[in-house]
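J.: Structure provided below as structure tokens; questions to follow.
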Amino acid sequence: MLEQAEKLMKRNSSGAMSAPQSKPLARSRSSTMPTTTQKRVRSSQQSEGEPEYNIKVYVRCRSRNEREIREKSSVVISTLGNNGREVILTNPGTGSNKTYTFDRVFGVESDQESMFNQVARAYINEMIEGYNCTVFAYGQTGTGKTYTMSGDITMMGSSEDDPNFVLLSEHAGIIPRVLVELFRELREVSEDYSVKVSFLELYNEKLRDLLVDDKDVSLEDHNFNGMAPPESIRIYDSLKTDRTSPNGYSIFVKGMEEMYIRSAQEGLKLLMDGSLKRKVAATKCNDLSSRSHTIFTITTNVTKIHPISGEQYVKVGKLNLVDLAGSENINRSGAENKRAQEAGLINKSLLTLGRVINALVDHSQHIPYRESKLTRLLQDSLGGKTKTCIIATISPAKISMEETVSTLEYATRAKSIKNTPQVNQLMAKESCIIEYIQEIERLRKELRASHSKEGIYITQEKFETYESNSILVEEQQAKIDNLQEQLRRLKEKFLEQTKLIKEKDGQIKELDVANRKYLEQSKDLTIYINGIHSKLEDYEHTMIGIHNNNMKLLEDINDNRGNIHEDLLAKVDHIETCNLIISREITSLISIRNVLQAYSDRFKTVLGGVFEELQEKLTQVGRTTEESQLDVDLSFVDEKFEEVTDIIKATCENLVRTMDEHVSNMKLETTDLTSSCASLLEKECQALHGKLQKYVESMKQELNSTLQEMVRDLDMKASSMLNVVQCTKDGLISHKKELEADLESQKREHFDIAQTMEEQLQKIVGKERQNIQESMKASYDFLMKQMVETELRQKNFEESIVSKVKGLLSHSNNGMSKMSSYAVGRLYDSAIGGVNSIENTVSSATFSMKNDLQEFQMDISPICDSRRFGDEFTAVETRISEAIREELTPKLQDITSKACNLIGLGVQDINQKALGVSDDQRRELRSVINNTNNHADRLRSEIGTLVNYVSQEHRDNIMQISQTQDEILQEQIASIGRTFDVLGNINKPDANVRTSVPIEHELNSAINELPPLYMPQRPLSLCSHGRQLLDEAYSGNENLSPSTGKFSNFPTPCGDMSAQTPTTPMPVPDQPLTKMPVPQTISSLRSLRRLTMDICEHSADMTLGSIHESQKAMDSSRRYTLEPRLFEK
């Protein structure tokens, strides 16, 4: 670089420049380039009246790729050949076609070379002529943007003799072909030129320089000591002296590396290295998809000679070759996580580009360039002073139809954007050389600093960053110190709290011991209660079983009773039927008997009739026959009659016997049936009686067992009641804890109240002190005013000392005594009033505290005296007793009463314990109240001490003031005596008084003009020394008559006194009055400061104690005039 600068300086002196091949490869950072005032040689065109040109828009449609062919996606785009300018879009759904017209349309048959010749070749000459040009590719992901702009960057061949000879691949894109063609054109146009390139990447809205090694970036970031480094590359609006802009105003990228290249090979190498660093990733749309925007900028400086003036000047041209990342559908591209975030930011920047295009087409007042860094970088290319062309890449497949339509619409709207291209400012060669020399000096300083190891060169921005970091470190250190101080205070507070905690821990341990005892008892009771509960449960289960058995037995008895009743009814019915049958048989037998009786009676009647007829016939026969035959027949008849009679009798007897047997049989059957039924009933009754006896015995046994179990259950219930008592005890303990917590909170509250009272008392005392100080200050100011007035009166006294000495003395005496008594009275009254107000405040605060404590006691006592636990026990007792009454016999009432008595005793014991706890808490509250009262008494005593101190200070100050005034009065009387001596000496005949100033009038006339002096009508209250001095003054002056109290006129002096004047009889201070020391105030007695103030000035720093300590040094530290200050006892 040093050799380059020397060569440039030699060229400047000789007027010739060497070939560009002699330049070494160099790099420069635009942030370090100085901004100098450059000499503008000329501008080919003025900004006003420049023609406007529309942005040129080219469309390139690729062929279907393998994925689209594999998915059998149809073609919806058709072009019109190599020289076509229209794109025809076919809608497969409706079959309609839409035609888009552009500057040029490249179909499937186009190649890279034709693209370069038709699009970018013309911009190389424009750049050499001094224009800024931009070419950027826009389109969907996977449509060939990177292929169109970069393509295949590898060099197929080169020549060592000619470094600008490069053989490119047929797939090389626009950028490598521009580099090769640029150097070929530059060799033909001029021999003196320079070319520099820059390569920027915009990834996730962050700029990155692709020409900088990653190691350098990591080292720069490491210098920030773990802090987030600032973005090294930033976008600014350039200064108006920028020569790369036609109007001196353009976008300026700070921190970007610009590499000087001497051949196309070096440019291709830089392009290849930067492309390898670019962010790429694989998606469903493309195997190698670009995930960032890149801007490859070529800047040329061409030296030419003005044809008229012969002056050398430099033309600066710039060509921006932009490869945009493709817009994509996240769902279709399959982007996830980081890829999805990248796609979102890419779409955001492209949407902002679309809004900028729409705003430019619509001629909006606001163009949203600053909403994205991409549009900010392309600000001059869109609607600015740059020649711009857009290459829109599209896909012909149907699956990409939406993105294709969007791209064609954007390209169509972009055609309407108009730019006003202008040639950049021309720069003189001398200013360029100066710029290079400054750059060389800067690099020398950096090199020197690196060799001497005195440090490294940093930019102003980094220096400010380091300074801000150092300030931040200092602030953090101050915060750390503050936090350490707070930590120290917190440690002290922590130690105090630790002490309190230890005390509380001791109390807690004592309570823990008591609680352990209670817990042990509660555990035993809990075990006992659990046993009782289990027994109760067993008893309940047993009772339920017995009840179920009884219910079953009752059901069985009911069933058996019903069956027996039915059987008895059936047997009774059977007996009744038998009785009916028997009764019927009896009736039938009776009827038969009656029939037989009737038959026998009829038979008897018949036999009687037969016998009568036979007798009649026999009589008739006998009459007619012979008697012999009659006898034989009669005997035969008698025999036959007897046989018949016997037969009838036997038959009747048989019948009667048969009837009797049948009746007896019926009776026997009836008796047997009755006896069998009775025996059957008796057996059933006996069985039922046996069952009932067994049931009664079982019930008795069960009742006995139940009674025993109930006794046990009563014991268990008594234990449960004891458990309830224990629970109540635990509740009381918890209640005690709550009361203790409440008491502790009340203690804290009262402690806070005491603290607030102390603070209020301190504030009140401070206010009263301030009021006393203000009143003392006002009194002192009043005294000072009176002193000033006294000084004025003294001057008047000096003017009329002879004529008005009596009146002045009496007036001064009365005025000073009144003022002193009034000031002291005011001070004393204000002090007493302040103390009374403090006492009233303290008493009111104490009274309010007592009221609060009494209210607290009133709130606590009902809680402590409440019998709600006893009520709960009573309710439990009644429930248990009701259950026992319902379930058991009256014999259990004695056991219940005993259990109730035990429960009552337990409740009373618990209530007594609760009352004891409440009494303890009352005693603690009383101790707190007593402590508070003692604290209030201490405050009262301190306030009384303060009052006594203030009043004593007032008395001491007043006494010292009175003593000081007595001394001053004595000095005044002595001075008056000396004045009388001088007057007496002047009155003597042979007096010769020498004066320094001649007097024109005679002394007698001057003396005659003086008023006569009179003695005071009321004797002065002076000390013994003052009276002695006054007597000496009377004795030394013959013309002063104490008896008359009147001075006589002085006689005429002897001698000529015209050349003399009497010396003034009043001593006058020969220097300004000194400052009176002001003592400490009451509130700052520990400090050793002393405040001073002038006697004649009313200082605001004079306080109550300033008079107390100043009187001791009054004589030595102050010079007074003869002030008539008198203190009246």
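Cβ from N, Cα, C; glycine included.
Checked Swiss-Prot, it gives:
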REGION    1-49  region 'Disordered'
COMPBIAS  11-21  compositional bias 'Polar residues'
COMPBIAS  28-48  compositional bias 'Polar residues'
DOMAIN    54-417  domain 'Kinesin motor'
BINDING   Gly139, Gln140, Thr141, Gly142, Thr143, Gly144, Lys145, Thr146  ATP binding site
COILED    422-513  coiled coil
COILED    681-765  coiled coil
COILED    919-948  coiled coil
J.: Taking DSSP as the reference, which of helix, strand or coil describes Gln140 (ATP binding site)?
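T.: The three-state answer is strand.
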J.: Around the Cβ of Thr141 (ATP binding site), how many other Cβ atoms lie within 10 Å? Please give the count over every shown protein chain.
T.: 25
J.: Summarise the model confidence on the coiled coil (422-513) as a single mean pLDDT, whole number.
T.: 82
J.: Would you count the other CB atoms within 10 A of the CB of Gln140 (ATP binding site), including those on all shown protein chains?
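T.: There are 25 such Cβ atoms around Gln140 (ATP binding site).
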J.: Got a sec? Which of these binding-site residues, Gly139, Gly142, Gly144, has the most Cβ atoms within 10 Å?
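T.: It comes out as Gly139.
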J.: In sequence order, which same-chain residues at least six apart have a C-beta under 8 angstroms from Lys145 (ATP binding site)?
T.: Ala137, Tyr138, Gly139, Ser290, Asp323, Leu324, Gly326, Ile391, Thr393
J.: Which ones in the same chain are close to Thr143 (ATP binding site), with CB under 8 Å and 6+ residues apart in sequence?
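T.: Spatial neighbours, sequence-distant, of Thr143 (ATP binding site): Arg62, Gly326, Thr393, Ile394, Ser395, Ser400, Thr407.
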J.: Show which residues of the chain containing Thr146 (ATP binding site), separated from it by at least 6 in sequence, have their CB under 8 Å from its CB.
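T.: For Thr146 (ATP binding site), the qualifying residues are Ala137, Gly173, Ser290, Asp323.
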